[in-house]
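This report refers to the structure that appears directly beneath it.
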């Protein structure tokens, strides 16, 4: 069953909230009161605006997800808080950039690729007329039902490492909990209702969140 078209208001809300959050984060980490080194500051700034670019690409060009006003508000406000929190924590990290930050860059890149590539695969497949009304279970979705959620979690683990404080890891942990206990069950229920046996067969041979694990 094809998804209903997304309204412009909620999509704009998500994009605007991410942009505002990224702007505040950059102001915090590069501002005169920041204790962060210039290298850390610019890494955080780059990651923040790469994420914003990906959100805008997803909202308006590739996926164009169906969003209600409530969902747009929740997602947008949540991402604004996460951006600001990472910027604040990073502004307190006076240590020089080390191996943890380099590992964070790798994870940030991996998560970004996983999120964007999985959604691009799905959208391209769904656009083919013969696939209308069918569930995409190939590519990166073959063993993981929600690779976009996994990708975002990896992104913010990397972002937290770049921020330079263990406290920042609370954010991806909270994000993962939200996916596991709320977002994933809700999406699975919706997919089961829309696709029936196709979803049940896919669910029997795949994992929800982490391939081969959970």
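All residue numbers here begin at 1 and follow the chain in the order shown.
In case you wondered, yes, glycine gets a Cβ from its N, Cα and C as well.
Annotated by TrEMBL as transmembrane segment, the relevant range among 154-181, 182-209 is 154-181. In TrEMBL, the feature transmembrane segment is placed on 12-30, out of the ranges 12-30, 107-125.
Between the transmembrane segment (154-181) and the stretches 12-30, 42-63, 69-90, it is 69-90 that has the most C-beta pairs under 8 angstroms. Outside the transmembrane segment (12-30), and at least 6 residues removed from its termini, the chain residues within Cβ reach (under 8 Å) are 36, 38, 40-42, 44-45, 48-49, 51-52, 55-56, 59-60, 67, 69, 72-73, 75-77, 79-84, 86-88, 90-91.
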